[in-house]
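Have a look at the structure below before the remarks.
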Amino acid sequence: MSEMTPREIVSELDKHIIGQDAAKRSVSIALRNRWRRMQLNEELRHEVTPKNILMIGPTGVGKTEIARRLAKLANAPFIKVEATKFTEVGYVGKEVDSIIRDLTDAAIKMVRMQSIDKNRYRAEEMAEERILDVLIPPAKNNWGQAEQPQEPSAARQAFRKKLREGQLDDKEIEIDLAAAPMGVEIMSPPGMEEMTSQLQSMFQNLGGQKQKPRKLKIKDAMKLLIEEEAAKLVNPEELKQEAIDAVEQHGIVFIDEIDKICKRGGNASGPDVSREGVQRDLLPLVEGCTVSTKHGMVKTDHILFIASGAFQVASPSDLIPELQGRLPIRVELKALTTHDFERILTEPNASITVQYKALMATEGVNIEFTEDGIKRIAQAAWQVNETTENIGARRLHTVLERLVEDISYDASEMNGQTVTIDAEYVSKHLDVLVADEDLSRFIL
């Protein structure tokens, strides 16, 4: 679990997301409160529940990007789901309980990787011994079993030194590796994914673990052997329990597009299989219940839920009152301005302009963006958003792709050339499209 302070979390988010300070502060405080809660005594810790967050803002302003970056910072079980993927219990489609099952699967994977990393040094030693056994087979006793000498021979030590120095990396050896489990593909009817998963696990475990000889270079064999030996050092039961504890105490669920499961203006009629019904099914999860998974029972009382939506047609008040009450912290994300677009093009660590420069550099083409060129690109994107659909920062991708289309096409024949993208270049390539609303609607 991350021990970063709210200021450190915001600073890290600032490297990738421009503006939206209120949203960054809210998620950073929520993340820090997870750590604060774990410092309390057990009795009080049980009483402190997370304050769930509802992020409201137009499309393309950074809601989903905040979730993506938060997942990397949290160092905790994290899952992002789309609210529109679920239907009410009893109908064809995914049930909301599958959110917790998927979160538990993510936790199992995360804890397994942590456990493998913890045992990596010991696994490396064991993998090294297995390779040395192939290079210098140990002497065998009368029953054909390998004898373990009290001290390694001089030849074995010499090979060990060469192995560690990488002198034997390209030498081919034949070594026994665990065979991949039998793959059984089962087409699952909607809503029965859990049963299908259990059937697949059962078929994969049939016949036990088998060894299969493979011919590999030593450097490739070493990687596979380290993974295999590290996996042997992991206790499956301890791993399951640790993963379930991680989900219950530190789990974070990000529910995107929650506005799409609202009744539009509260006046929709007819069956609401994937709208109000889903909201009612979400209630127990958000409030706290116990969900059965293939790894064990998982309590959701202390899982943090962050919901987000554009709310362009519906409004937050169109959510059912019970769900509104369980999302007490409201954060509004602001629409992006021309100045925000300029900052998005230049400030993030891997901004779009940096990406295009790097892509073209692979073919020996140097692209330079001038300050007035950046301003003109930002103005063009903002203008198209205003006159057509406002899709936020995503419009920059469309505009830039159109702008460098000719360079991308001819890059292989432009080795060593420098292309300067200034205001004049941008105007030449985009002005006609931006001015014509019909063209910009279909092309930009």
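Every residue, even glycine, has its Cβ placed from backbone N, Cα and C.
Annotated features in Swiss-Prot:
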BINDING   ILE18, GLY60, VAL61, GLY62, LYS63, THR64, GLU65, ASP256, GLU322, ARG394  ATP binding site
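Shown on the structure are the features that Swiss-Prot records.
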residue : record           : DSSP (3 states)
ILE18   : ATP binding site : coil
VAL61   : ATP binding site : coil
GLU322  : ATP binding site : helix
*Counting only residues 6+ apart in the same chain, whose Cβ is under 8 Å from the Cβ of VAL61 (ATP binding site)?*
GLN20, LEU333, LYS334, ALA335, LEU336, GLY392, ALA393
*Going along the chain, which residues six or more apart from LYS63 (ATP binding site) have their CB under 8 A from its CB?*
ALA23, MET55, GLY57, ASP256, SER308, LEU333
_binding-site residues: GLU65, GLU322 - member with fewest neighbouring CB atoms within 10 Å_ = GLU322
_Within its own chain, what residues at least 6 apart in sequence put their Cβ under 8 Å from the Cβ of ILE18 (ATP binding site), listed in sequence order?_
GLY62, LEU336, ASP340, ARG343, ILE344, GLU347, PRO348
